[in-house]
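Residues annotated as ATP binding site in Swiss-Prot, with sequence analysis given as evidence: 605, 606, 607, 608, 609, 610, 611, 612.
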């Protein structure tokens with residue numbers, strides 16, 4: 001943190017201020033919210049920051065700038081501070097100020113950071129990841145991705161900073177922790193992406209296996225097979241221990257294995273509009289009809305991590321088909337899932353001793369639908385296995401049911417949450433506490449009868465507690481055992497031994513009710529912790545049931561069909577773009593056929609004709625197959641791709657200062673270096689960022705290299721009609737175009753992809769449709785005619801004649817290494 005603007009040396013230091021400064025010294029990098037009565041106060045620089053961000057009044061206390069937050073509104077203000085990129089240390093009063101001898105004891109009980117939030121009020125339903133990074137001796141980067149709110153832990157090995165940057169753009173990472181020597185390498189990328197970075201001392205990354213064992217409660221962790229990941233995992237656990245002020249509780253780590261999951265780079269995620277982002281409509285929003293927060297999070301994970309294992313893909317499709325073929329069952333299951341709460345986060349709050357009574361009621365409500373779900377699934381032969389994988393936790397439901405009231409008001413400790421009959425002692429104190437008015441009324445009536453003073457009344461205030469009040473004119477009738485405690489203009493106030501004893505009982509009852517109710521609640525929470533593993537298994541299974549039934553529901557709703565998995569053939573009849581079709585009145589379907597032999601298409605056609613939609617549609621159908629969903633097509637046979645690469649559109653990379661063309665070439669270079677024969681490559685307008693001659697040359701050479709060397713399935717949409725000549729030299733390259741109909745009123749784009757080559761670009765017609773002034777359109781037509789008349793395009797561009805093609809065919813052997821440097 002920056003040096004303080006305030007010098008506290010000349011400040012008159014009270015015991016309370018000394019306590020504040022001592023605690024602040026331990027949390028210099030955090031905003032310290034210091035509990036004073038009903039407020040959390042910030043002082044000095046923190047006060048200025050809090051006042052500015054929260055737009056609250058800045059005041060003073062003994063010349064120290066001060067800004068206060070009401071304790072009951074803390075969560076609302078906390079979110080704003082954390083969203084602004086600050087760590088916040090919460091300092092609580094650890095004893096009742098009324099009972100404290102001297103200065104009230106205070107301690108920091110929690111440090112809130114963007115990546116360690118577990119409080120439901122501060123979270124959305126999406127994952128909230130923290131990334132821990134550690135650079136290994138061989139220059140690779142070991143990464144641990146953790147969601148503290150769910151306990152999820154993911155291990156991933158990265159090759160470079162660029163790979164980290166790519167990953168950060170596709171996953172919801174709100175915080176990065178790293179050693180000091182790695183901070184400068186990541187901080188600029190993080191700032192561009194709005195991610196908070198905390199650099200840690202080296203001891204966090206010491207390979208302390210005991211730290212990991214304690215977090216998991218295990219004697220051995222050899223089966224985790226952590227390798228270098230143990231260091232960033234250690235740092236993660238220690239950091240969570242520090243921020244939550246308690247032992248980290250995490251799930252067994254999952255390795256993001258590239259042999260199992262397809263890697264999707266951020267360019268492809270953006271180009272295919274897979275998840276919500278700046279471009280609006282996306283695949284996740286179209287497919288997401290899930291009924292639980294857990295299912296929604298899992299769906300996003302599934303979309304971003306398509307499977308590469310054919311058996312696993314077919315297993316998912318098997319379950320989806322079972323739901324698809326039984327729509328009544330699907331609707332029944334989805335109805336039950338509506339009653340499922342965010343079980344993952346409830347479990348974690350239990351583990352961290354931060355669960356509230358409403359969490360247990362939500363848990364009970366969730367458990368109430370498990371048996372009906374199990375029974376419903378068991379009626380379908382294909383889904384019996386899912387039913388059998390749901391653990392029986394009815395004993396938890398009964399325990400909560402027998403302990404907590406279904407509906408309650410107030411806070412824990414007020415005696416309004418635990419059922420009657422759970423604790424005889426609690427019941428007795430609650431009776432006294434909540435029926436004291438009746439007792440007082442009886443006492444008042446008895447005293448009136450005894451003294452004959454009909455206007456005698458019993459009341460309470462914070463100064464004297466309970467007292468008897470008698471009007472001045474009747475004071476002479478006050479019994480001798482009444483002790484005067486206050487004289488007013490029109491009355492005298494008294495107390496008695498009996499009234500004092502009654503007051504003490506009520507005060508004791510209030511304290512006892514609070515202690516007993518909190519103790520009983522903690523006991524049941526501690527008991528539930530013993531079921532953590534089963535509860536996590538239940539949460540996982542309910543999430544998958546939600547995703548499977550969701551895929552079936554969406555597939556039925558949108559008329560998707562089950563794809564067939566093939567060895568190599570890629571055949572789609574009447575395929576549609578799953579996102580675009582949802583937002584147009586009528587969508588024109590198209591086919592695709594590719595194989596090992598026919599593996600490249602050159603797609604030409606005018607702007608607005610639908611070229612980009614078509615190639616994206618092909619990519620999305622492939623991806624949807626590999627996430628285990630039905631696809632928008634009449635029929636689909638799809639191979640398992642190891643990667644889907646895209647290069648589309650023109651854009652600068654503002655974060656690195658790269659031009660449109662350099663950005664384009666970097667993306668192409670990635671494709672050429674990473675693609676294999678099992679990849680799907682989708683290219684749109686490569687080479688448009690430079691001169692026409694250079695662009696055609698690069699696009700031609702690149703197409704040859706992909707066809708001859710990589711041999712993967714490729715669709716190349718381009719305005720360079722010269723590239724269609726490639727089909728004359730290579731039997732596995734075909735030309736496609738998007739059909740256009742010319743009418744007296746103008747051009748009509750039919751959006752139908754057919755074999756052939758575009759004979760015109762129709763750029764002027766598109767400009768007219770876009771609304772350019774008629775004078776400009778007419779002038780453009782005149783200029784076009786002049787250019788056409790005076791140009792010999794074949795000579796200028798050097799389109800290859802039949803004889804020249806023989807020379808080109810010779811390049812099929814290989815592409816010189818030097819040529820690759822162009823990319």
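These residue numbers are counts, starting from 1, taken along the chain as shown.
Note that Cβ sites are derived from N, Cα and C of the backbone, with glycine treated the same way.
Of the chain residues outside the ATP site list 605, 606, 607, 608, 609, 610, 611, 612, 738, 749 have their Cβ within 8 Å of the site's Cβ mean position. There are 28 other CB atoms within 10 A of the CB of residue 605 (ATP binding site), with all protein chains counted.
If you take the C-beta of residue 610 (ATP binding site) and look for same-chain residues 6 or more apart in sequence within under 8 angstroms, you find 588, 738, 749, 751, 753. The Cβ neighbour count for residue 612 (ATP binding site), using a 10 Å radius over every protein chain in view, is 20.
A simple Cβ count within 10 Å picks out one of the binding-site residues 607, 609 as the most packed, and that one is 609. When the binding-site residues 606, 608, 611 are scored by other C-beta atoms within 10 Å, 611 scores highest.
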